[in-house]
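S.K.: Below you will find the structure I want to go over with you.
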C-alpha cells in the first residue's frame, strides 16, 4: 500500500467514526431512556453548557493573540481575590449561553455575589446552574490547563430577595454535575446520576463526541495531589500523611494549580486530591457549591469518595452561597488512608484531654 492509499484509508476511517459518533445531547436522551419534557430539558441544558465550553476553549486557544484574555482587570471579586480577565469573559459566556434558553431561572457563580436572575425565563425555567467559570485562572497567562465546573439543581421554593438562600442545600440535591477541561484537547465530563461519561470536542465537527462511558476510578492509585508549599500551615494529621507518602514507595506527587486538571488525572489513574484547611483559612479555599460539591457528585458516581476529613462532603450544608470547605477526594482506599491520620490525631487529642482531667 502506498502513502496515498494509506492516507485515503485513514480519512475514510475517520469519516466512518464521525458518522457513527454519539454526541452529547443524544447521549443524555439515550441514558434517560426518555423523550419526556424533563429529559429534553436535561439534553438542552447539557448542550448549552457544551456551547459555553466551545466558546471558552476558542478564546483560550487564542489567549496570547487577542486583547482582554490575559492578566487582571484590577477589580476584586466577592471572594476577595483579584479578578482575571478570563474569569469575567467565561462568566459572561455562561450567562449569554443560557439567557435566551428558557431553561434556567438563574445562574450562580463564584464570580457573582448574588445569583444572576433571568426574569423572562423564571415562569418556565425549572433549573439553577451553579458554576465556576474558570478554575485555575492563574494558569491562563502561562498556557497551562484550566477548567470550568458546573452543577445543576432543580428550582425549589422561592427566593424573594434574590439572595439564593434556597440553594443552601447539601450535595445530594444536585441532579447533574460535571466539568470541562481545556488542555491539549477540550474534554467534557458529566453525570446525571447514571454513571460518569467523557466527551472530547472534535473541532472538525464542532461537537462533543463520546470517548468513554461509565468511567470508574481505581480503588487505589499512585497519585497524591496537594500543594506542599502550605505544609507548615496544615494541621498535624495532614503533615503526618505527607510524611507517610514520602517514606513509602508507590506514591507520586502531581499538582498543577488547577483543580479540574488534577481531579481529571486522579479520576483516570486513581489516587487522592487534597485541599485542606490552613491556619489562615481553616475552611480551606474551595467553594462548596461551585467546586467541591459538583466534583464530589462526579466522584461518587465513579465509585470514589469525597470527604472533609471526618464526614462525607456531600452531606455538608453551606451557610452562605460562597461557603468554603476542605476537600479530600479520590479513590476509596486513598481517601480512607488520609482519614485514618485525621482519626489518629483526634484519638490522641482525646486521650491527652482525658489524662489532664
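Backbone N, Cα and C atoms are what each Cβ position is placed from, and that goes for glycine too.
Annotations for this protein, taken from Swiss-Prot, read as follows:
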- 110, 132, 134: Mg(2+) 1 binding site (BINDING)
- 132, 135, 291: Mg(2+) 2 binding site (BINDING)
- 135, 136, 137, 138, 227, 255, 285: substrate binding site (BINDING)
S.K.: Can you name every residue in this chain, apart from 110, 132, 134, with its Cβ inside 8 Å of the center of the Cβ atoms of the recorded Mg(2+) 1 site?
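M.R.: Filtered neighbour residues, in order: 87, 90, 91, 109, 111, 131, 133, 135, 137, 148, 149, 287, 290, 291.
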S.K.: Within 10 Å of the Cβ of residue 136 (substrate binding site), how many other Cβ atoms can be counted across all chains shown?
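M.R.: 20, counting other Cβ atoms within 10 Å of residue 136 (substrate binding site).
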S.K.: Please report the distance from the Cα of residue 137 (substrate binding site) to the Cα of residue 291 (Mg(2+) 2 binding site), rounded to the nearest angstrom.
M.R.: 14
S.K.: Of these binding-site residues, 110, 132, which scores lowest on Cβ atoms within 10 Å?
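M.R.: Each of the binding-site residues 110, 132 was scored by Cβ atoms within 10 Å; lowest is 110.
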S.K.: Around residue 138 (substrate binding site), how many other C-beta atoms are within 10 angstroms of its C-beta?
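M.R.: The Cβ of residue 138 (substrate binding site) has 14 Cβ neighbours within 10 Å.
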S.K.: What does DSSP call residue 135 (Mg(2+) 2 binding site) in the simple three-state scheme?
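M.R.: Reduced to three states, the DSSP call for residue 135 (Mg(2+) 2 binding site) is strand.
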S.K.: Out of 110, 132, 138, 227, give those binding-site residues positioned within 10 angstroms of residue 291 (Mg(2+) 2 binding site), comparing C-alpha atoms, in sequence order.
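M.R.: Among 110, 132, 138, 227, the ones whose Cα sits within 10 Å of that of residue 291 (Mg(2+) 2 binding site) are 110, 132.
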S.K.: At the level of the C-alpha atoms, what whole-angstrom distance separates residue 255 (substrate binding site) and residue 135 (Mg(2+) 2 binding site)?
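M.R.: About 14 Å separates the two Cα atoms.
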S.K.: Using DSSP and three states only, what is residue 255 (substrate binding site)?
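M.R.: The residue in question, residue 255 (substrate binding site), is coil (DSSP, three-state).
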S.K.: Roughly how many Å separate the Cα of residue 136 (substrate binding site) from that of residue 110 (Mg(2+) 1 binding site), to the nearest whole number?
M.R.: 13
S.K.: Using a 10 Å radius around each Cβ and counting other Cβ atoms from all shown chains, which of the binding-site residues 137, 227 yields the largest count?
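M.R.: Of the binding-site residues 137, 227, the most buried by Cβ count within 10 Å is 137.
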S.K.: Can you grab the distance from residue 110 (Mg(2+) 1 binding site) over to residue 135 (Mg(2+) 2 binding site)? Cα atoms, rounded to a whole Å.
M.R.: 10
